[in-house]
Amino acid sequence: MGKYIEMIRIRFLMMLAYRTNYYSGILIYSINIGAYYFLWSAIYGGKENIQGLSITQMTTYIAVAWMARAFYFNNIDREIAMEIKEGKVAVEMVRPYPYLNMKMMQGLGEGIFRLLFFSVPGMIIVALVFPIELSTNASTWLFFFLSITFSFIINTQINLLAGIATFFLFNNDGLIRAKRVVIDLFSGLILPLSFYPMWAQNVMSYLPFQGISYIPSMIFTEGFKGSQIYEALLNQAIWSLLLIIPVYGLWILAKRQLVVQGG
Amino acid sequence: MEYISIFFQYVGQYLKTRLTYRADMIVEIFSDLLFQAVNLVFILVVFGHTNLLAGWSKDEMIFIYGFFLVPFSIFASFFNIWDFTDRYIVKGEMDRILTRPVHSLFQIVLERMELESLFGVVTGLVVMFYAGDKLGLEISWYDPFIFILLVIGGALVYAGIFIALATIGFWSDSRTDIMPMMYNIGNYGRYPVDIYNKVIKYVLTWILPFAFVGVYPSSYFLKREEWYTYAFLTPVVGLVFFLIAVTLWNVGVTKYRGAGN
């Protein structure tokens, strides 16, 4: 356990060295959320609510979805692909800890850093400028933090899968990009899933992606109520466990067919 | 002339390297298509809940998106400099660029081109013709020429903004996360600028003039006469921003100190 905490700490310190950039990032995120706000105001065009979400809830949804993204988002798929291409992965695999766990911990270090230095100040600024409703209910916050923890796990597992695929494809920038687009769309980052037509919602309810953005954002905006929250969290928990199987399966296959191209 | 011949030699080499990883190239074109589909899905889903967006119909919005894809794809094929600071400044690669006989910016364009993005031009045209047909738009003999002019203007706007941002790397070599977000802000130029408040409208017109890549030039083809002045300003804005960016670049290069290797 100690070694994992150390990995998180080191990554955190690494990010801290570059913290000034994050202030410019917050500004850009705020502009982004602002433009979304006006776009959605135009879409609502005076309507009280669409699919049970009021315009204030919608703005909150967009803001929290982007801020939560800063926490669960990481580039470990690209890092793994790079280490495989450069042959570094061979050395990494000799080290006395599981490679995949190490990558996950690095991602967590990055996520915690962004949560503290990016999402929290960003959310405060956005809340001052735009009409956003922050819940005063402690249990909502508790469920939200539990939910984004699951978001991180699910998103990281999908990233690991995309990264490991490099073992088989050698060059998989295209796959990584496609994965990112699919997640943006199916996770509910761009649009709440309840806005989609029924048949599309049915398809998406069988996929793990809604656990990445839609569920935590809906919990935060209190779009989910009562038993819906528990069902949603259970859904995330099940996917977090289920995805372990393909990750380890693919990893075992990958190790067998490892070709080091350089190093 | 020499530049043109070097350009085509690079294109030749590029095709060879891409064809080595054919499976990846196909996935990449597919992922581009997917990305373009996402934006269409957004428009379709939104118009499932409303009929007009600030007085613009669904087909008009789709048309604007189709137009936007053309200059954007040209930009994306040749100006892949969003990771300039990381790739060239931090890693010291800029040293190598400066020893090359062509202009440093041109050298980077050559090295970083991604020709498969040009496929987006086709998608854009298909989308435009589909939406234009539904709107019953008529094409005059001079429209293709105006189209080309506006597309060049739009591509230059994009190139200008991203080159200018990349030059920040010459002064400060720390990583910035601005670039990926900029791609997002670029999307807002596709919506009728009336919907934004004054500040954002001003930013999208004169500071980060992304509106000149989407709604302004498209309004010419959509016969929205109130925007014609802006539509015809597109090539001028493109040229001005591109020239400013290249000037910044030239000044920046003299400030480059090298990060060591």
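In case you wondered, yes, glycine gets a Cβ from its N, Cα and C as well.
The following features are taken from TrEMBL:
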type	residues	note
TRANSMEM	B:25-50	transmembrane segment
TRANSMEM	B:62-82	transmembrane segment
TRANSMEM	B:115-132	transmembrane segment
TRANSMEM	B:144-171	transmembrane segment
TRANSMEM	B:199-221	transmembrane segment
TRANSMEM	B:227-251	transmembrane segment
Segment proximity, the transmembrane segment (B:25-50) to the transmembrane segment (B:115-132), 3 or more C-beta pairs under 8 Å:
yes
Given the cut-off of 8 Å on Cβ pairs that are 6 or more apart in sequence, determine whether the transmembrane segment (B:199-221) and the transmembrane segment (B:62-82) share at least 3 such pairs.
yes
List, by number or range, the same-chain residues at least 6 past the transmembrane segment (B:62-82) whose CB is under 8 A from its CB atoms?
36, 39-40, 43, 108-109, 112-121, 123-132, 135, 137, 150-155, 157-159, 162-163, 166, 179-180, 182-183, 186, 189-191, 213-215, 217-218, 221-222
